[in-house]
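What Swiss-Prot annotates here:
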ACT_SITE  247  active site, tele-hemiaminal-histidine intermediate
BINDING   55, 56, 57, 58, 106, 111  substrate binding site
BINDING   462, 463, 464, 465, 506, 507, 554, 562, 563, 630, 631, 632  ATP binding site
DOMAIN    7-391  domain 'DhaK'
DOMAIN    433-645  domain 'DhaL'
């Protein structure tokens with residue numbers, strides 16, 4: 001077990017101290033109660049107070065949701081363990097006033113028991129304070145399994161499923177609880193009475209009474225309770241748990257790991273089996289909306305709040321929750337797939353909340369919560385500003401269509417037009433074929449040695465060099481027949497552009513600028529005094545210029561344990577051969593030149609074995625890079641060695 005903690009037995013109290021010491025908006029109740037409240041609690045006793053809590057390990061829940069327009073206080077049990085009734089009672093006693101107190105409880109036996117006992121204690125010890133409990137039970141997975149409806153694509157009996165679902169009471173409370181905090185917290189902030197808040201919740205939010213709030217999750221790993229020191233279950237690299245809770249327990253089914261699109265589709269398809277939206281056509285929807293508007297006064301009277309017209313039947317609040325250690329990259333991909341699929345199903349996502357909101361310690365995975373907007377006041381309540389540290393600063397308003405999120409620039413071919421000058425410099429068709437073969441040999445060698453370069457890079461870098469150079473090579477090969485190799489200045493510019501489109505880390509940058517400078521230098525040298533012809537000497541000097549471009553960009557030189565330790569001696573040898581040939585009457589011996597350059601590249605690559613890296617990511621490792629050949633230098637050696645297979 002690796003965790004940044006002190007004593008496993010003190011993690012909760014020390015965590016609370018971390019929260020409260022870092023924010024003047026929070027106070028910790030003195031004593032061993034693990035209770036945290038708003039620092040302005042004494043000024044808001046004329047409003048309904050909201051208290052939530054449960055086991056720790058779900059942070060930022062629930063301390064992170066204490067603040068204006070959210071919770072008044074929170075009670076923390078041990079990790080994944082319910083707080084005691086006494087702790088909860090002390091929280092109520094600390095902050096509740098004449099307007100009463102609502103306890104927001106996730107539907108677990110321990111939490112229900114402790115909060116219910118605390119409420120009962122208040123009847124005799126705090127008789128002037130009305131205390132009510134609402135239970136959040138938004139998780140649908142275990143019920144679908146009991147109804148044998150999980151992964152069943154037959155939707156003919158949807159209403160029957162919903163009726164049975166509503167009658168079953170042992171659903172878990174998970175990430176949808178965060179939306180309950182926000183909406184009810186907003187109502188309390190507006191000064192609504194306890195009855196008004198309860199009626200609004202039961203009519204528009206309650207998972208068990210309205211079915212409007214549903215959640216389902218998927219886990220890619222378990223988690224480790226500090227006091228236990230080992231995971232509660234294990235998953236191999238190709239497995240995932242569907243429909244799990246937030247306490248490190250198994251899901252309802254262990255399945256093969258799927259791509260994000262399939263995971264999201266499975267979660268949403270199951271959520272929509274319960275969510276009471278209508279599949280009616282637009283005319284029916286309009287009729288329903290008219291009926292809803294006509295009955296709006298009845299709706300307002302039923303909840304006691306003037307809350308505006310009922311929302312459209314397929315408008316949603318979507319909450320995508322990080323269960324603990326899912327990367328932001330994965331979260332963004334899942335968000336994209338979620339929005340695309342909901343749009344495909346005809347839903348409008350009015351608000352999107354994403355982030356680490358209700359965790360299961362360090363579990364990898366996500367959950368998706370859908371709240372059907374049956375009243376537009378819900379949107380206003382979600383939008384209310386809060387200083388609660390766990391609520392995202394930005395509640396997002398997604399585009400209704402993906403196309404609306406794309407910036408389209410006017411297309412023109414001006415970038416091709418300005419390259420016409422580069423195309424004016426030509427070599428013979430035969431030499432163009434030789435150049436093409438050289439490029440192909442280099443690309444093929446990098447593709448064939450991808451794994452070797454990756455393994456080498458893992459020892460001193462981030463392990464992506466082999467894959468990067470393989471991808472660049474494949475992209476060049478894909479365009480190989482569209483490149484006019486008898487026009488070398490344009491050819492090298494084209495190769496640079498291909499690499500730029502993929503880039504692939506710093507190595508991609510260096511290869512791109514090499515070919516870009518080679519193109520520019522060849523053109524400038526071949527057009528001096530209007531000769532418009534490339535000499536042998538121009539080739540050598542232009543290659544030197546291209547190497548200098550890498551030196552300038554990387555601020556490196558020979559001896560720094562980089563690709564330059566192999567590239568510089570190889571290019572220097574080519575340049576020397578070009579100079580020697582310029583003063584000779586014999587034809588240029590390309591194969592012999594490449595043999596000499598290849599030998600220099602090999603010696604340069606081998607020289608890095610005894611070096612300590614001074615540049616690049618490897619430089620952060622210091623002496624740990626010693627006795628390991630630099631992967632960038634070895635890639636240059638591989639490229640030059642491939643040139644020896646030239647047939648022309």
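Each Cβ is built from the backbone N, Cα and C atoms, and glycine gets one as well.
Feature annotations (Swiss-Prot) mapped to structure.
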residue : record                 : Cβ contacts under 8 Å, 6 or more apart
55      : substrate binding site : 76, 77, 78, 79, 80, 81, 82, 83, 110, 111, 247
56      : substrate binding site : 11, 12, 15, 76, 77, 78, 79, 80, 81
57      : substrate binding site : 79, 80, 223, 225, 247, 359, 360, 361
58      : substrate binding site : 246, 358, 359, 360
631     : ATP binding site       : 453, 456, 457, 460, 461, 465, 466
Self-check item: residue 462 (ATP binding site) and residue 106 (substrate binding site), Cα-Cα, nearest whole angstrom
Solution: 42
Practice problem: Have a look around residue 506 (ATP binding site) and count the other CB atoms within 10 A of its CB, chains all included. | Solution: 19
Quiz prompt | For substrate: widest Cα to Cα gap among 55, 56, 57, 58, 106, 111 in Å | solution = 14
Self-check item: Shell of the substrate site beyond 55, 56, 57, 58, 106, 111, same chain only (C-beta within 8 angstroms of their C-beta centre)
Solution: 53, 54, 61, 62, 76, 77, 79, 80, 81, 82, 246, 247
Exercise. Please state how far apart, in Å and to a whole number, the two most distant Cα atoms are among 462, 463, 464, 465, 506, 507, 554, 562, 563, 630, 631, 632, the recorded ATP-binding residues.
Key: 19
Quiz item: According to DSSP, which kind of secondary structure is residue 563 (ATP binding site) found in, if we only use helix, strand and coil?
Solution: coil
Quiz item: Roughly where does the domain 'DhaK' (7-391) sit in mean pLDDT, to the nearest integer?
Solution: 89
Quiz item: Should residue 631 (ATP binding site) be counted as helix, strand, or coil on the basis of DSSP?
Solution: helix
Quiz item: Using a 10 Å radius around each Cβ and counting other Cβ atoms from all shown chains, which of the binding-site residues 111, 462, 464, 554, 563 yields the largest count?
Solution: 563
Quiz item: Once the chains shown are all counted, how many other Cβ atoms turn up within 10 Å of the Cβ of residue 106 (substrate binding site)?
Solution: 31
Quiz item: According to DSSP, which kind of secondary structure is residue 56 (substrate binding site) found in, if we only use helix, strand and coil?
Solution: strand
Quiz item: DSSP on residue 464 (ATP binding site), three-state: which is it?
Solution: coil
Quiz item: Can you tell me the three-state DSSP label for residue 106 (substrate binding site)?
Solution: strand
Self-check item: Per DSSP, three-state class assigned to the residue listed as 'active site, tele-hemiaminal-histidine intermediate'
Solution: coil
Exercise. Inside 10 Å of the Cβ of residue 247 (active site, tele-hemiaminal-histidine intermediate), count up the other Cβ atoms and send me the figure.
Key: 21
